[in-house]
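Engineer: Here it is, the structure, as structure tokens.
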Amino acid sequence: MKAVSIEAGEASKAKRVHGVNRGISVFDLILRIVALVGTLASAVAMGTADQALSFSTQIVNFEAQYDDIDAFKFFVVSNSITCVYLALSVPISIFHIIRSRAGKSRVLLIVLDAIMLVFLTSGASAAAAIVYLAHNGNTSTNWFSICQQYTDFCQRSAGSLIGSFGAMALMVLLIILSSIALSRR
């Protein structure tokens, strides 16, 4: 009689672990989709940042575009590549909902998520440094703040950083969730 109750207890524990892993997998899917939207919005916002100013006459125009600065180009590329990766990882996340005990694909996602996190962090950090210089300038090197003249460009480029840094936080959570699900397997 005791052996039967122990086996029944182990079976219920296995069902609880399976249910928790399924819940983690659903949350993983939701976080991936939100991070995908954040990186896509950041890439589009920065990629369309553009402002032209007339100088004394209508003949001479000064224009600020994202592709004038290499750090902004890298930001758009890193967000775009991370967005594509997240889109391609959604089916694997759906697979984890169906088969919550899958282990090798979770390890693969942890490694790829970490690589994409580093890539996204480097792009966002480079763009954040340029946005900081655009807003504050650097008086010791005579770099003046351009955001007093190009307000729309600066607001758009600074706003695009929000989605990227939010996606970075979500990528950290994805790595933690996948690690938890893997350890509970």
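Quick reminder: no glycine exception, Cβ is built from N, Cα and C everywhere.
As annotated in TrEMBL:
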- 22-169: domain 'Casparian strip membrane protein' (DOMAIN)
- 29-49: transmembrane segment (TRANSMEM)
- 74-95: transmembrane segment (TRANSMEM)
- 107-134: transmembrane segment (TRANSMEM)
- 161-182: transmembrane segment (TRANSMEM)
Engineer: In terms of Cβ proximity under 8 Å, which residues at least six beyond the ends of the transmembrane segment (74-95) contact it?
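Structural biologist: Residues 25, 28-29, 32-33, 35-36, 39-40, 42-43, 46-47, 66, 102, 105, 108-109, 112-113, 116, 119-120, 122-124, 126-127, 160, 163-164, 167, 171 contact the transmembrane segment (74-95) from elsewhere in the chain.
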Engineer: Within the domain 'Casparian strip membrane protein' (22-169), count helix residues (DSSP H, G, I), strand residues (E, B) and coil residues, in that order.
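Structural biologist: Counts, helix then strand then coil: 113 helix, 17 strand, 18 coil.
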